[in-house]
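Feature annotations, reproduced from TrEMBL:
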{"type": "REGION", "residues": "1-26", "note": "region 'Disordered'"}
{"type": "COMPBIAS", "residues": "1-13", "note": "compositional bias 'Low complexity'"}
{"type": "BINDING", "residues": "HIS91, GLU92, HIS124, GLU125", "note": "Fe cation 1 binding site"}
{"type": "BINDING", "residues": "HIS270, GLU271, HIS303, GLU304", "note": "Fe cation 2 binding site"}
Amino acid sequence: MISQEETTNNNNNTEEEISNNKHTFNDPCDEFAPFSDSELKQLLQNDEIPVSKRSRMLYALKQWTESEDKISRAIDILSVGFKSKSALLRHEIAYVMGQMRSEVAIPILENILSNMSEDSMVRHEAGEALGAIGSPSALPTLEKFVNDEYREVRETCELAILNIQYQQEKAKNPQNNQDSIFSPFSSVDPAPACSDDKKLKFDDIKNTFLDLSKPLFERYKAMFTLRNIASQYLELDKHDYMLCYKRKAQAIEVLCQGLLNPEEGALFKHEVAFVLGQIQEQSAADALESTLRDKNQHAMVRHEAAEALGSISDPESLKLLEEFQADEVEAVKDSCVVAIDMHNYWSAFLSLHKNDEDGEQQ
């Protein structure tokens, strides 16, 4: 049995081994590879270790997909992190569990969703993760919370139910999958992009996204279609590259309109911020900054805007994140710390590739 003193010493030693060098690109998978499962559990639940470092660990564990055994081990390690005091970390753990799409995580996520004393942001993420996994076995639990007191939880459960039903239908009719707009992202989204892109018109997608009277699931589908258009110069106008470039700019502009609309709910706006973070375009930075600065916004919206700014990874965004890393809202503060770490990660990654390209040209 490990004594309390030994545990503390081990945690301190392990913390020191995790890289703090913002100028060096460190792949999280390599960074945490030397540690045993028990050491990773100790790290994840140790609130003395910055949330940014523990967030990197989550995304290393997300890559443990070589076998069912390794997936189960990863989920077992992740589940310990729900003991952390950081709502942001608990929320990220639920997200990663959903992205791994293992039914092993279902009872854990159902418990989080059902815990009425848990932060609503974390409960929402647990519900969304159940939708991402796509198992009909989660439907009874999700149906219990479609009338939850928190709007973000209610709407998440509604979306998750529809997403599971969509995935089940898609599995029955795989030939229909050919009609959806290709996504350049590996994320498991809470709704699919619109299908049958050859018949879609940009204005129709835009109008569906902005129309508050439309069903939320349809608006989410339009959102992810706009994301995919904004992330590539293809699909809708693949034979006219100038028009494709124009569509990219228009798609980002429309997404920013949705983010800044004061009539939108927190769930919708937080997803728009997440999508803009995936796109990683500087043209979205002003809308994201405005969202982060607006202290009347729900914490889940501001936190997602902060992380999106970290993904964009430009010097002005870094200054803004440093300004808000002492925010009075814990989830926002933690997100700024994580986003600064993300900014350093992407800056080092881009620098590494630039050096490689320069070396090849010499």
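Note that Cβ sites are derived from N, Cα and C of the backbone, with glycine treated the same way.
No curator has checked TrEMBL annotations; they are predicted automatically.
Annotated features taken from TrEMBL, shown on the structure.
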residue: HIS91; record: Fe cation 1 binding site; Cβ neighbours (10 Å): 26
residue: GLU92; record: Fe cation 1 binding site; Cβ neighbours (10 Å): 25
residue: HIS124; record: Fe cation 1 binding site; Cβ neighbours (10 Å): 30
residue: GLU125; record: Fe cation 1 binding site; Cβ neighbours (10 Å): 28
residue: HIS270; record: Fe cation 2 binding site; Cβ neighbours (10 Å): 25
residue: GLU271; record: Fe cation 2 binding site; Cβ neighbours (10 Å): 28
residue: HIS303; record: Fe cation 2 binding site; Cβ neighbours (10 Å): 29
residue: GLU304; record: Fe cation 2 binding site; Cβ neighbours (10 Å): 30
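HIS303 (Fe cation 2 binding site) and HIS124 (Fe cation 1 binding site) have their C-alpha atoms 14 Å apart, to the nearest angstrom. In this structure the alpha carbons, written CA, of GLU125 (Fe cation 1 binding site) and GLU271 (Fe cation 2 binding site) are 11 Å apart.
Comparing GLU271 (Fe cation 2 binding site) with HIS124 (Fe cation 1 binding site), their Cα atoms are 12 Å apart once rounded.
Same-chain residues that are not part of HIS91, GLU92, HIS124, GLU125 yet have a Cβ within 8 Å of the Cβ center of the Fe cation 1 site turn out to be LEU88, ARG90, ILE93, ALA94, TYR95, MET121, VAL122, ALA126, GLU128, MET300. The distance from the Cα of GLU304 (Fe cation 2 binding site) to the Cα of HIS124 (Fe cation 1 binding site) comes to 14 Å. Listed in chain order, the residues near the Fe cation 2 site other than HIS270, GLU271, HIS303, GLU304 are ALA266, LYS269, VAL272, ALA273, PHE274, MET300, VAL301, ALA305, GLU307, each with its Cβ within 8 Å of the site Cβ centroid.
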